Amino acid sequence: MTKTLNKDRAIVVFSGGQDSTTCLFYAKQKYEEVILVTFEYGQRHDKEIEVAKAIAKEQGLEHHVLDMSLLSQLTPNALTNHDMDIETNDDGMPNTFVPARNLLFLSFAGALSYQLDAKTIITGVCETDFSGYPDCRDAFIKSMNVTLNLSMDQNFVIETPLMWLDKKETWALSDELGALDYVRNKTLTCYNGVIGDGCGECPACKLRQRGLEQYINSRGEA
Ligand SMILES: [Zn+2]
């Protein structure tokens, strides 16, 4: 029943942001075949999907966009107050955030990997960033890896190249991969939908910018 997964084929969970685009270049360096999967679930901006599609096309990679719009049925505004506006909380997260979202995404990424015979699943989750969602932590990812393998009788490997990196170190990694300028200019992290260096005002832009400045300064001294 266990099939032989292709160890040279990797799937990257891809949003078109800095972190997952860095993972894309990490995957391209390490694996012969890279496939991208993007989850569409009422993102802050449809622009995220457009950016993800554009990068996938430019990099010549197979790209699957999965419809996860059912997540909107689990958001606070759907469950408790139908008139609630979609707002951004102080931490920059929209109030449409769904608990255990990454659990759901990795389950679907695992099912897709089974269908496409890809042994490796790469995700840009990170324990050191500010968000601290439990299903982005290392212990959860290890647990999820075991769960995926048991659920499908396979031997998938979930890789998290950014798990212990801060934003400065993530920029350093993209530079090592020869992709710093690409990641800087083509990705979308900004909550206001501004590609590249962004609006400069939102929490995501500030975090990204601070890391970039720290990295460029450290490189200058080296
Ligand atoms: Zn911004």
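Note that Cβ sites are derived from N, Cα and C of the backbone, with glycine treated the same way.
A TrEMBL annotation is a machine prediction, not a hand-curated record.
Here TrEMBL flags Phe14, Ser15, Gly16, Gly17, Gln18, Asp19, Ser20, Thr21, Thr22, Cys23, Leu24 as ATP binding site. Under the heading Zn(2+) binding site, TrEMBL lists Cys190, Cys199, Cys202, Cys205.
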Which residues does Gln18 (ATP binding site) neighbour through Cβ under 8 Å, counting only same-chain ones at least six apart?
Thr170, Ser174, Val183, Thr187, Thr189, Arg208
Measuring Cα to Cα, how far is Leu24 (ATP binding site) from Cys190 (Zn(2+) binding site) in Å?
19
Measuring CB to CB from Cys190 (Zn(2+) binding site), give everything in the same chain under 8 Å that is also at least six residues away in sequence.
Gly198, Cys199, Cys202, Ala204, Cys205
Which binding-site residues from the set Gln18, Thr22, Leu24, Cys199, Cys202, Cys205 come near ligand 1, judged by a Cβ under 6 Å from any of its atoms?
Cys199, Cys202, Cys205
Looking only at DSSP and grouping its letters into three states, which state does Gly16 (ATP binding site) belong to?
coil
What is the one among the binding-site residues Ser20, Thr22 whose Cβ has the most other Cβ atoms less than or equal to 10 Å away?
Thr22
